[in-house]
Amino acid sequence: MASFSSSCFLLCTAILALVSCQALSSDPGPLQDFCVADNSSRVLVNGLICKDPKAVTADDFFLAAKLDMPRDTKMSKVGSNVTLINVMKIAGLNTLGISLARIDYAPLGENPPHTHPRATEILTVLDGTLYVGFVTSNPENKLFSKELRKGDVFVFPQGLIHFQFNPNPYKPAVAIAALSSQNPGAITIANAVFGSEPMISDDVLAKAFQVEKKTVDWLQAQFWADNHN
């Protein structure tokens, strides 16, 4: 009987640990109808402090984002422009675990390899053609890729390196992406590796990429611009 009770306790503990792990792996869930972010608060929490519900208005859930309007891609060295609508743009997104982005691609433009540490992404092409893909974690590093056309949808799992490229040399492309976090974050691989401040030692990068240090020095001397707005 004691053995059965002990086994039952261990099983229950394991289940609770699994449930807790799942609960903590995404944005904090709402415990009320909404928790509009109070951006004036100086209190630091995992997320943002709630505004007094009595002070909440419809404007806390609204943004005149003009997502129907094309964005400028000419100033981007990679030929893309990401317009992110997250909790910093709409305070009402706080604790709701979702955000949105419009992505404009110039002909032959790309949204370069990057990750979202806190979100899965689902992307749909509104116009044009995109070659997209993501790479799995070590040791396989398997590439899953697809060419998308207008109306097609593709999913990028949370935390995995992924990209989008417009293969058309004459026509731009546009996509809309939804992300499963109020603040998904973005780490552009090239920017993070070669454009960090302070710089990563060229000895480290030369060894990691198996190239000469002068190649690393040249890469670090480039201007690593951000295509997010």
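Glycine is no exception: its Cβ is also placed from the backbone N, Cα and C atoms.
When you check TrEMBL, the disulphide partner of Cys50 from the set Cys21, Cys35 turns out to be Cys35. Looking at Glu121 (oxalate binding site) and Cys35 (disulfide bond), their Cα atoms lie 23 Å from each other. For the pair Asn111 (oxalate binding site) and Cys50 (disulfide bond), the C-alpha distance works out to 34 angstrom. The Cβ of His116 (oxalate binding site) lies under 8 Å from the Cβ of Phe156, Gln158, Gly159, Leu179, Ser181, Pro184, Gly185, Ala186, Ile187, each of these being in the same chain and 6 or more residues away along the sequence.
Mean pLDDT across the domain 'Cupin type-1' (73-217) comes to 97 in this model. Other residues of the chain with a Cβ within 8 Å of the Cβ centroid of Asn111, His116, Glu121, the oxalate site, are Ala101, His114, Thr115, Ala119, Leu123, Phe156, His162, Ala177, Leu179, Pro184, Ala186. Long-range neighbours of His114 (Mn(2+) binding site) (same chain, six or more residues apart, CB within less than 8 Å of its CB): Ile161, His162, Phe163, Ala186, Ile187, Thr188, Ile189.
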